[in-house]
Each structure stands twice: as structure tokens, then as C-alpha cells.
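*Asks:* I have a structure I would like to understand better, so I am pasting it below and will then ask my questions one at a time.
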Amino acid sequence: MSRVYLPIGTATATCGACSRMSEQRKPPVTTGQIFETDIVGLTLDGEGVGRFNGFTLFIEGALPGEKVRAEVVSVGKSFGKARLESVLVKSVHRRNPPCPIYDQCGGCQLQHLNYPGQLQWKRQYVVDSLVRIGKLPVAGEPQRAEAAADAAREPITVHPVIGMDDPWRYRNKAQVPIGESEGGLVGGFYEQGSHDIVDMNACLIQEEENEQTVRAVKGAAGSLGISAYNRATGRGLLRHVVVRHAATTGQRMVVLITNGLNIPHQDELIGLIREQVPGVVSIVQNINTERTAVVFGKDTRTLWGEDVIYDEIGGIRFAISARSFYQVNPVQTRRLYESAVRYAGLTGEETVVDAYCGIGTISLFLARHARQVYGVEIVPEAIEDARRNAALNGIHNVEFAVGAAERVLPRWQASGIRPDVIVVDPPRKGCDQVLIDSLLESRPSRIVYVSCNPSTLARDLRLLEDGGYRTVEVQPVDMFPHTVHVESVIWMVQK
Ligand code: SAH
């Protein structure tokens, strides 16, 4: 896997080591060597980037601006890995990770970087991607020759990342693998490189309600002697407990993912969960008997209560079922969608397309400001949710279609739908080339791109720019504090 490193404070530093190394036969470092290095960047996995004998080494736990001592632990063709031994000069952004199991868990990658440092790094990650991959000019950054060629071009404004006031306890959903120990059921995360589950009772990015629910379910199932699934043998019943909490309504959902249909003492289990989990309105079973790491199986049935819980974002209500995709950070989701609506620049007269619409969240936000919205999404269940959510909110100016955006968009185009604005929110791999072509063909006056991956974003913006659009502004939003994930909203206009 080739990986880019991203310095925290500059977009112009480049890593010559990798290209030079590929010409050499033998890496100039060997495992076990101890070395000292300045840290010049952070990889996309949050590892510090250092150099030794001109060779690039990734060092977990090291931060840009630091000087560290480390030991080479593996050497590849173009980079190696090293273990941090000591920090000789500390970054001003370094802090002690607040979570006691930060090193073992792997769920967060940036807890040793303070929050302002995280936000600064995330913005720089977006800027560097636009400059290096997209060859785009960014305001306040040194212009590269390729970008400078387009002299008449206004540079792009990349705003500071919208962070959280309190960047902890933000996740509304927990998905916990279950195992067994002598003391009963355990649930938490897989120990690195094994099938053993480390018990976890506190996760600082998880809402406390979810923690409490998971504890109660583990305790209840354990007290009734319900067995845990064993990944190595394929035996045992309870595989995962998935819990959701809707902060605006206080409703909670418990999903038991089981290796088989029958749950011993099912009624007692439901009774204990109802007694011990405040706000629980839905207890659901999902059956997964496959020997797979995929969490959910095909069959889902409600054991008690409702099939869904309800949550509200920005005044719109959403029904969330056990399998629905729903953003995990509701506070930041609202800010993300508000940025998308702002960049769409709607007056109430427009026809808008929302491609990759999921359960129609952005579509419904847009519908309040547009004449007509068309949403397209490839997962049929998500579109069922989207239609249900439109009805739930009495929103009638949206129409949803199931299918690949790159196929449906040309069909809409052919049937005479002329969007003024197109919003895209693709998965990590970005937009399909056919979709880009059909975007360019339908020529909306604005494009709003919501992205969870700066690298594919920059690639796609380049294509759209070459096809006659200009990127005006970028608003990054921190949806996942303490992790390396970066979400951004982009505003483009016709040149
Ligand atoms: N806008 C939504 C969902 C974004 S996630 C929200 O904010 O909640 C990206 C979505 O794109 C997923 O729901 C995924 O199922 C869908 N998807 C992936 N490939 C697609 C394609 N080729 N055409 C349409 N939708 C696709």
C-alpha cells in the first residue's frame, strides 16, 4: 500500500525519500537499528513520519515537530516501521491520551494530539490533497507551477475545520463483539492480531447511554448463562451487541446478533433488558450463522417493542431501524448538512439532485429550500427508509430512486430533468467516472460535494475543474474527533 504523509504546517514539503529508494536495491536501514529523527509529518493512519539514512520510517505515537528516538521494526521497499522509544523534543500539541486503553484499542488514532492540533492537521490534510493531488490553488498556500498556470483563477478558500465544543462522548451507536472469560461475558474489541476479546466498559467517544446499555445487556445475558460466539470454533450464540441511542428523543435500541435463531431464556432476557435499560423501546435480533467477520446476517426480527427508534436532526425526524445507515455524530451531522444547504444556495425555485443519498437525510434538508429534490441511492432498504422519512416529515417535493447514481443520473437527464444544483456524497472511493461525465453533461449551475476522503475528493475536483467548474470554498467538519477521518463540504460553480 502506498501512503502519503502530510506535514502539519506546510503544503510544500515533499518526500523525496520514497522515489529515491525505489531506484536503490537494498534499503539503507535494518531492523533493530536505533536512530533519532525529526518528525516531518503524519501518515493517514496517524503515524509520525521520520527519516533515517534517507529512508522513510513511520513511527506510531510520534508527532510532527517532534524529535524522537526509535527502533526500526520492519523494512519494506519504500518505507519502514519503527517503534517509538522516547520523545526527545515534544510537540506543543502533545498531550497524555485521556483514554486508559488508547494503545490497545486502535479505535482512535489521535488522542495523543490535542484537539486544536487535530483540527489543524485535518485542515492541512485537505489543503495538501487539493494542492498535490488536485493541482489546485488554495488561498494562503504557496502556488504550485501547475496551478499558477491558471492565472485568472481565484484561489480556493479552505475554512478552518468546524470542531466540536466538547469532542467526547459523541457516538450514538456502539457495535461490540462479545466473548467469554471465566467471570462471564465480555464485550469490547478484538485484541490486535487475535480473536480474543478485551472487555471494555468505558469508551470516551461513546455516549454514556450506550455504555450503560452494553453493560446491562452483557450482565443480563451472562446471568442467564447465554453463551458467547467463538470466532475460532464457530460455536456459541451471542456474536455482537449493537446499541443505538437517539439523544433528541431519549429512545434506545438493542440489537442482539446471534449465531442461530433460538435464544435460551429469551423472555427473561427481554425482561432484564427492559428493566435495566432506561428508554429502551426496541429489542431486535439479527441472525448471522456465517463464519465471517461481517457483523450483520440477513434475517432481522423484532423481539420486543418497535422496529425503529426516532431521532431528530435540524427539525427533521428520522426513523432508524437496526440495519439503517445513520450518521454516528448527530451534533456534527447537523453542521455538515447545514454547510451543504448553504453551499447549494437555494431560493426555493431549484431542482436539486442528491446523489448517494443514503436514507435521504441531505435530500430532506434540501427539500425545505428547493422546488423539487431527486435522491438516488444503491441500497434498496435505505431508499425505503428515505421514503418513510419523507412521509414522516410531510415532505412531498422529494422523489427517491434505487440504483447506481452513475446509471440513474443519465436516465433522469434523458427524461428531461434539469438540475440547477447537484449534491454528491459518495463513499470513500469517490465518484464514478461515468457519474462525473454525466454531472458535466447536465451542467448544473452549482455542485456541492460532500466527501469523507480528501484524496479521492481532490482527484474528482480536478476532473470537474477540467470539465468547466471552479471550486470556490471548502468547509471541513470534524465528524470523528480523535480519529484520522476528515469530512468536508465543497462548493463549486460553473466557470
Ligand atoms: N448522504 C447520506 C449517505 C452518504 S454515504 C448521508 O449523509 O447519510 C454514501 C452512500 O452512497 C451510501 O449510502 C452507499 O450505499 C451509497 N452508494 C455507494 N455507491 C453508490 C452508487 N454507485 N450509486 C448510488 N449510491 C451509492
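Sequential numbering from 1, following the chain as shown.
Positions of Cβ are set from backbone N, Cα and C atoms, glycine also.
Keep in mind that what you see is a predicted model, and the values were worked out from it rather than measured.
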*Asks:* What does TrEMBL list, out of Tyr356, Tyr449, Tyr469, as binding the same S-adenosyl-L-methionine as Gln327, Glu377, Asp425?
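*Replies:* So the S-adenosyl-L-methionine site in TrEMBL includes Gln327, Glu377, Asp425 plus, from the candidates Tyr356, Tyr449, Tyr469, Tyr356.
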*Asks:* Within 10 Å of each Cβ, count the other Cβ atoms, then let me know which of the binding-site residues Glu377, Asp425 comes out lowest.
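*Replies:* Lowest Cβ count within 10 Å among the binding-site residues (Glu377, Asp425) is Asp425.
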*Asks:* Among the binding-site residues Gln327, Glu377, Asp425, which ones place their C-alpha within 10 angstroms of the C-alpha of Cys452 (active site, nucleophile)?
*Replies:* Asp425
*Asks:* Using the CB centroid of Gln327, Tyr356, Glu377, Asp425 as the S-adenosyl-L-methionine site centre, which other residues of the same chain sit with their CB within 8 A?
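*Replies:* The surrounding set, listed in chain order, is Phe325, Asp354, Cys357, Gly358, Thr361, Ile362, Pro426, Val450.
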*Asks:* In this structure, which of the recorded positions Gln327, Tyr356, Cys452 has the fewest other Cβ atoms within 10 Å of its Cβ?
*Replies:* Cys452
*Asks:* Among residues Gln327, Tyr356, Glu377, Asp425 annotated as binding S-adenosyl-L-methionine, what is the maximum Cα-Cα distance? Answer in Å.
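*Replies:* About 16 Å separates the two most distant Cα atoms.
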*Asks:* Going by DSSP, how much of the domain 'TRAM' (28-86) is helix, how much is strand and how much is coil, in residues?
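*Replies:* Looking at the domain 'TRAM' (28-86) with DSSP, the answer is 0 helix, 34 strand, 25 coil.
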